[in-house]
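A.B. asks: Can you keep this structure in mind? I'll have questions shortly.
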Amino acid sequence: MITRSFYYLWGTQTLSNMADIIYLMGLISLVLNSTDSLMITIFVPLFRFFSKTLSGLLAPLVLSRYRLPTILLVSQFGQFVLFAMLLFYLWMVPEERSYPIVFLIVFGMSFLDGWTNPVRNALVPRLALGEGLMKANGLISVSDHIVKCAGWALSGVIVVLIGSQSTLTLALVCYFIAMVFTAFIKDPLDMSIEKKKQLDKEENLKGTDKTTEGKESFWSDFSEGWKIIGHNRRIRTLTIIDTLDTIGGTAWIGVFVLAFVKQVLNRDESWLGLMNGSFFTGSIVGGLLVVALVKRLQKRSFIFMLLGFTVYILLAVFFAFNTHPLLALVLMTLTGPPIEIAAVIRRTLFQQSINAIQLPKVLAALDVMVNLTFSVSLLMLGWFADRFGMANLYLLAALLTTVAVIVGLFNRNTFSKTEVLKESKEDKSITT
């Protein structure tokens, strides 16, 4: 069953993601044209990354104290206000702008945006139950890829047609609409009242010093997600698989694909767009397959996830040895569906492996881990590609995913129904 609030969540997050892409393209174009400095322009994505990482570290403290829809609404409202301030400043100061002010506003927006991903993924299992959960994740995945694929292409056209300033105004309108519809999201699991009663009861019974208790509560909220990752076998297994896949998956970002296009396929930069378009097309097909086949995938989801990884490994090996451009496009398209099916199933398994109260903290910890893993793997794979070549880079990506599959096979019994009940009991004991 999928509730109406899920569709509000789905719509607002799709619109917000679209606004992010439009605003980034518009702002990057504006800064580059104004300063004619690539170094200054790089600070826009750099500030976004560091701000989101810091936000992710502090997210458990926020998620444990406030209702998820409230956090989402405050995040959307804050981003709208800050972006309106940015537009006002750019309008009032058309020349000789102070870019530290611009970067400070970007930092603030990204900090608030860092909460939205764990909140969204934690809300989905509350708003979509049973078979509806995997279907909901499939719908979100499809819309995310459509926005990324079409957004970056169309935003560039929009900037050329109406200019950077008008493009930023369009992004502001998208943020406003997303903020309005976020207010309609209702969380069926209202934890705030019960948690407040429990805390009041414990305070009355214990009568402990509030300063000491506050410090203990702070550390407990901050570390709970990490503790659960370490103690819960299902979460730990999925995290190891996710980490290995993230490291290998870094090989498919634009900079490495472009190097492969130029060095192995002997084609120019225009082929990068074709390669990315092929991959996104395959990913969208994969998301639609999840939505269409949700009943079959739900029965043995973990096995289907490993099967998706296995198909991807074979395609990645073929891709590494291939030197024909057209065949490379076909392989990129075919790679999309198994990767996407495995990713949607993995996200669903994460959501099903922990109770609703602890899930936001676990997802916040995982977000931080993914961001840090991606950063380190970007440097590591860059060094590997320079030393051993692009073909070997994709063989390494296939090898890492092979290790992930082996880890999954050794832990497949962990995902039986009896183990689910056992793990849920263990998780409760961690927080008591």
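Residue positions begin at 1 at the first shown residue.
Placed from the backbone N, Cα and C atoms, the Cβ positions cover glycine too.
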A.B. asks: Look up transmembrane segment in TrEMBL and report which of 44-61, 98-115 it refers to.
C.D. replies: 98-115
A.B. asks: Which sequence positions outside the transmembrane segment (98-115), separated from its termini by at least 6 residues, show Cβ-Cβ distances below 8 Å to it?
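C.D. replies: Contacts with the transmembrane segment (98-115): 20, 27, 31, 35, 40, 43-44, 47-56, 59, 62-63, 71-72, 74-75, 78-79, 82-83, 85-86, 89-90, 367.
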A.B. asks: So are the transmembrane segment (301-321) and the transmembrane segment (391-410) touching or not, going by 3+ C-beta pairs under 8 A with a sequence gap of 6 or more?
C.D. replies: yes
A.B. asks: Of the stretches 243-265, 271-294, 327-350, 391-410, which racks up the most C-beta pairs under 8 Å with the transmembrane segment (362-385)?
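C.D. replies: It is 243-265, which has the most Cβ pairs under 8 Å.
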A.B. asks: Under a Cβ pair cut-off of under 8 Å, which of the recorded stretches 70-92, 243-265, 391-410 contacts the transmembrane segment (271-294) most often?
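C.D. replies: Out of the listed stretches, 243-265 contacts the transmembrane segment (271-294) most.
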A.B. asks: Short question: most Cβ pairs under 8 Å with the transmembrane segment (243-265), which of 70-92, 327-350, 391-410?
C.D. replies: 391-410
